[in-house]
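Enquirer: If you scroll down you'll find the structure; I have some questions about it.
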Amino acid sequence: MQRLSNHDKVYKCWLRYAAVTDPEKLQDYRKWCGELVSPAAAGVVLESAVEELQQGILSMIGMGPQNSQSPSASHYILLGTRGQSKAIDEALSSLSASSADSYILKTLPLDGRKCLLAAGRSDRGTLYAAFHLLRLMQMGSTLEDLDIQESPLNGLRMINQWDNMDGSIERGYAGQSIFYENNRIISDLSRIKDYARLLSSTGINGISINNVNVHHHETLLITQPQLSEVARVAEVLRKYGIVTFLSVNFASPMQVGGLLTADPLDEEVRTWWKNAVKEIYRVIPDFGGFLVKADSESRPGPFTYGRNHVDGANMLAEALQPYGGTVIWRCFVYNCQQDWRDRSTDRARAAYDHFTPLDGGFHDNVILQIKNGPMDFQVREPVSPLFGALPSTNQVLELQIAQEYTGQARHVCYLVPQWKEVLEFDTFARGEGSDVAKVVSGSLFGGKLGGIAAVSNIGNDANWTGHVLAQANLYGFGRLSWNPQLTSEQIAREWIYLTFGTEPKLVEVILNILLNSWQTYENYTAPLGVGWMVNPDHHYGPNVDGYEYSRWGTYHFADRDGIGVDRTVKSGTGYTAQYPKPHADRYESPDTCPDELLLFFHHVPYTHKLRSGKTVIQHIYDTHFAGAEQAASFLESWLTLEGSMDAQQFENVRGRLQEQAQHALEWRDQINTYFFRKSGIADEHGRTIY
Ligand SMILES: CO[C@H]1[C@H](O)[C@@H](O)[C@H](O)O[C@@H]1C(=O)O
């Protein structure tokens, strides 16, 4: 098991609170931050806000604020929530947004003094205000004339851990779990506290703490004695406004309860769940609910009993309903026993085919969790047509921060631009402007619950994410789930300032790497939306036919004449018809299909001309040569930063970029050689193809 050695310090990431060196700023911050006025009998979340402000300010300006209940200094910070002071109530009444998580950061004259008000609609909102203030200071912003109102656009901003109790993490690339070891919840919760701080500072308010593939030990988490251990974790997370969820095994009534069935319509089964939930809420009164992977990749589910997902989800929803709990039911349901010869079964169709007929049937404390694309977190996929097709169902978008198919923790791949494309995709469900962001926030269809969830990329590595630059994805997810309108560049800049400082050259180099990394990764890996082409099981590294003859339904169908999957209505699987117009028409014809998705929707000859004017085969060669060069240039530019940051961080990224540059050559050559051999068509530019 990987352990931290004594000299490995655990990184504070974007909560580093580096000492302010600019004399003017120091003076400004010292003036404002000498005194912190907060209510006496605060709850645990407000206590965290005070603690965070105390420590952050001390670390940045060398003196912590005096804590008091009424001001005595000329300038002071006033922290609190509704009902705690007249000034706070007045300020909050001007907040236009309705979310309980919204807050105000504002400087104003008050009773002859200057007050910096950090106030939220709820304790959690107030904590967010504190983190925002600390962020401003870390980025060197002035505190004069603040007038900020913030409100999240998504209710649920959630992290999914795919952690197992033996300490391993499914698709984890940054060490072992910080939650479990040896089939128990970890005894020292300090790392979980730091994680909670990191998440909360970006606005995350929910987390499911175990893998959606719920194995033997994890199945027991919902019962004693493990449940009391879960409560210890929930207590730490609660202090940072984060609600705890568990992934559950649909067959729990059999595996834990000893029943002979898990049929969702069986009375005994229903009673078993009700009792289990009652006990959970006795121990964790603010428990969030269940995340469920059912009838997917051999996990148990209602299909075994001839029931459907409405039956399964609603049974759990009824058990949770009296306590305000939620069922988050995943739509990643497909046939994983396919035969490559069968061209009519199409995995891309599965989620839509399974779930659209069920729209309107789910209870209102059920949320369907839908992966961004119809397949599985590839570097490029179309957006799932399920968004927009479930007007009467709560929905959550599922993203993957862990870069399972995008270089894991070894290649840099800043995914915020990809996520933004998903959120901006127009479903046309209520006419033009019905983008995914509005669907999942609930604003388009008026859904009660909604938001964004993502699979985490952290482990117990000293730097949390294996690759230091992969921290930007975790940070970016939180910020984007709070406000999908932030740009990729804004988020990247913030992360760089907070993590490395504001020195212009350093910022420019890192920004350039981050913003070009997704395109680069796409360039040297699977072309034109075709996906996969990776080694089976661990999914790292090139293997063009790695999944071509297996049962997972992930084919590219390359032969000597052409490549791609025909998903048209005219001659293929009919998947294009799952989209509304104009997407359906655009995807249906190879002439109008966007280049980057061509092979996802069409099987074409290598000589097919793309909209860019290049042939498919020449595009493959060109992008692969270009991608490998870009990867090499990332390393080169990084090397210019030596000496401008903590040496361990510098070395971590240097080593990873070096591996990436080398590995990009392997990708380039494997892909180019494969297609040169298949097509027999030479590179127009006569470059070396092995
Ligand atoms: C948790 O299982 C994962 C599995 O490891 C992963 O390879 C696949 O992408 O998706 C599954 C899922 O999302 O359920």
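Positions of Cβ are set from backbone N, Cα and C atoms, glycine also.
Because TrEMBL annotations are produced automatically, they should be read as predictions rather than curated entries.
Pulled these features from TrEMBL for this protein:
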type     : residues : note
ACT_SITE : E297     : active site, proton donor
ACT_SITE : D376     : active site, proton acceptor
ACT_SITE : E404     : active site, proton acceptor
DOMAIN   : 13-133   : domain 'Alpha glucuronidase N-terminal'
DOMAIN   : 137-464  : domain 'Glycosyl hydrolase family 67 catalytic'
DOMAIN   : 465-687  : domain 'Glycosyl hydrolase family 67 C-terminal'
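In terms of burial and nearby residues, how do these features look in this structure?
Expert: Within the same chain, residues at least six positions away from E297 (active site, proton donor) with a Cβ under 8 Å of its Cβ are N213, F332, C336.
Take the CB of D376 (active site, proton acceptor) and look out to 10 A: across all protein chains shown you find 19 other CB atoms.
Under the three-state DSSP scheme, E404 (active site, proton acceptor) falls in the coil class. Cβ contacts within 10 Å of E404 (active site, proton acceptor), excluding its own Cβ and spanning all protein chains shown: 22.
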Enquirer: Let me know the DSSP-derived helix, strand or coil state of D376 (active site, proton acceptor), please.
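Expert: The three-state answer is coil.
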Enquirer: Can you give me the average pLDDT across the domain 'Glycosyl hydrolase family 67 C-terminal' (465-687), rounded to a whole number?
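Expert: It averages 98.
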Enquirer: Per DSSP, how many helix, strand and coil residues does the domain 'Alpha glucuronidase N-terminal' (13-133) have?
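Expert: Going through the domain 'Alpha glucuronidase N-terminal' (13-133) residue by residue, I get 50 helix, 29 strand, 42 coil.
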Enquirer: Measuring Cα to Cα, tell me the gap between D376 (active site, proton acceptor) and E404 (active site, proton acceptor) in whole angstrom.
Expert: 10
